[in-house]
């Protein structure tokens, strides 16, 4: 078998073995070996009997006895002999004995130390050998494995060392492995009864392990040479380097660095329980173990009689687990009850499978599955102390390295969000082209709409009362083509459409009279009615019936269905199966324009002949949204960094929207509006080049900083100056929100994203557009709107700075429904703010748009005079957005 001696072992085993030195003459050495050879046949017979018992007993276990003999010969050599015996019995009997004597003889050339250890591996219990090998005076070591019989293994290691006088003078290396003192003989015995149920569980565990099977051969001899380094045992240095380089000097306790690196104090120190580099890896806890090296098979001597007890395959795994009692799989330090000096042992966590495995799966370190349990029981005697030490190692695979979940890159996350947004839009467009869904009550809503209504927690009585407001909101959010259809029965009583239909059976005929209300403001029913069809479901016959005609047949139910249309519905084109053109624009989420509104820009503003690769260098994506993606680039023309907005330019709708934005950007020239440079058509994408503003959006600022009134007034002043410019030219932005307000580290406030801009002079605006939380009541209700709708949205932005988020942020349906029916509640904590601020907000949040203050009037309000100093605001904004700027530079 191969024996590996390494100083970087993970577990520190305190062996309760007393040591004595006995000087033996070279002439008597051969005489001592002869009795040992005569005892071997007796041991073989005994082992055969034990193997026979194992075959017939389910509770059989394995006992391993290892004898290590260290002999010093001559002036510069040490002979180390390790003998291991595996004995199978019905009970796990462990016996540890160690005896030695020290005779001061004139002949100092011959020294021998003999230790009998059970059960353990030579690697674990031979710290003295390890220390000798690790000595800086040792140049090489040779390991020989000689197989003797089926269950008796002998390992001899020859090491070249300096003279004893020089070896004794090197106390640092010697004491690190063993302190040799004359002590009394110690005998250790223990008997453990393993339950049958425990063996079954351990057998199942062994079958699932991935430990490499140990190669079995009749006789194997392996010779290796190891060259050690004097710095091999300097674990303190390794731990210190790890703390400073790998975890940035971070300490997990209040202890000093010297205390952390201490290996002797049981109260402190990273390496006390487990010395060596692996000790502090276990100490820090969250550090992953080192990579698992390829498993190394070891030679084990087996004969013909061990065919059924082979150490390979399932049988080997089952035998291995029989040695492990019900103990945790992590290493447990076994302390000694003996007051005698301890043998300082640093050993690997070895995974044994019936026989001794020479190499740890963790590569000589890490948290192995080996366990050491201890039971101590004092016995009466002259000078004998009985101690039981059990070394049990289970055959289980090493724990995999913790999977580190890496965050998605900014580019990947933005692309994913953009793809999801595109899919939602396509779904809404598809729903808008479907046949209208007639809604007479809440129960008629599609499942998705019902889910949104339930989540909003709006009282049902309010939903029923304002159903004509609820349906446009649901259509805006989901894309469903919902039509409000109030029901009026023949006796002038209102019935539910759903209940009327449910009353009809297969033999009934329904007569429906439909009227259309052309008045956009009045919900009253028109007296003009239309001819309707009487559909007989059984006979498929169609008859013409005049309005308000009542069929007196007992099998026929006649109902007058009179839908009333609101202003928002009056602008909708009637449904037709072949209408696939621009129907989708009437059931939009706010990202598209009405067909009747002509785009502000023309194709002459788009450059197609210039090579963008030469104009712009080092493009880096820094943002994404429903509008497209934004990139930071170096402009060779402008000699500065610019922002490039990329938008798809394929469909007619996209082309119209892009031309509209380019036209308004090209037209608007104001310090509080983003500066436009130029546009390019690249394949099927429009590139809009604009000034790059170092900073972030108002949304980011409100989430990461608490603004006082003076800072809010500063932002309000900049926004109002930009809005006053737009409104002076009858331009309605329609998408004023915190995400479209840029705040730079230079203290500038600028309005961006002009894709939904429209000229109010062209026609009366009734189309719902924009973002739900910032929409004005008149837009949600489907009434005509104009520049005052931007003032409402502007006030919501100020509330977002004051409250930290817009009103009703958890539900867009609740926000829109409450805004349309009740208005805005205002500040969350009015007592924290001045009366001037509250009055300013009230002027902006008037439900009646005609009473709402204009941007020019608001700029004259006394509250605006509280605006923060520009130099102070620069420092505040630079502090808020410095992380964004650095992130853009690093990407």
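Just so you know, glycine gets a Cβ as well, placed from its N, Cα and C.
Look at residue 735 (active site, proton acceptor): DSSP puts it in coil. Annotation comment: Swiss-Prot describes 735 as active site, proton acceptor.
As annotated by Swiss-Prot, ATP binding site applies to 622, 623, 624, 625, 626, 627, 628, 629, 630, 645, with the evidence given as similarity to another entry. DSSP assigns residue 624 (ATP binding site) to a strand.
What Swiss-Prot lists as compositional bias 'Low complexity' is 29-41 (among others).
What Swiss-Prot records for 45-58 is compositional bias 'Basic and acidic residues'.
Per Swiss-Prot, compositional bias 'Low complexity' is recorded for 61-70 (among others).
Taken from Swiss-Prot, the feature compositional bias 'Low complexity' applies to 86-105 (among others).
Residues or ranges marked as compositional bias 'Low complexity' by Swiss-Prot: 297-314 (among others).
For 322-360 (among others), the entry in Swiss-Prot reads compositional bias 'Low complexity'.
What Swiss-Prot records for 379-397 (among others) is compositional bias 'Low complexity'.
Each residue in the compositional bias 'Basic residues' (422-432) gets a DSSP state, and the totals come to 11 helix, 0 strand, 0 coil. The compositional bias 'Basic residues' annotation in Swiss-Prot covers 422-432.
Taken from Swiss-Prot, the feature compositional bias 'Low complexity' covers 495-522 (among others).
Positions annotated as domain 'Protein kinase' by Swiss-Prot: 616-864.
Annotated region 'Disordered' per Swiss-Prot: 24-70 (among others), in sequence order.
Residues annotated as region 'Disordered' in Swiss-Prot: 85-121 (among others).
Annotation comment: Swiss-Prot describes 264-435 (among others) as region 'Disordered'.
Among the features that Swiss-Prot reports, region 'Disordered' is placed at 495-526 (among others).
For the recorded positions 622, 624, 628, 630, 735, the greatest number of Cβ atoms within 10 Å around a candidate Cβ is found at 735. Residue 735 (active site, proton acceptor) and residue 630 (ATP binding site) are 18 Å apart (CA-CA, integer value). Looking at residue 735 (active site, proton acceptor) and residue 628 (ATP binding site), their Cα atoms lie 15 Å from each other. DSSP classifies residue 630 (ATP binding site) as strand under the three-state reduction.
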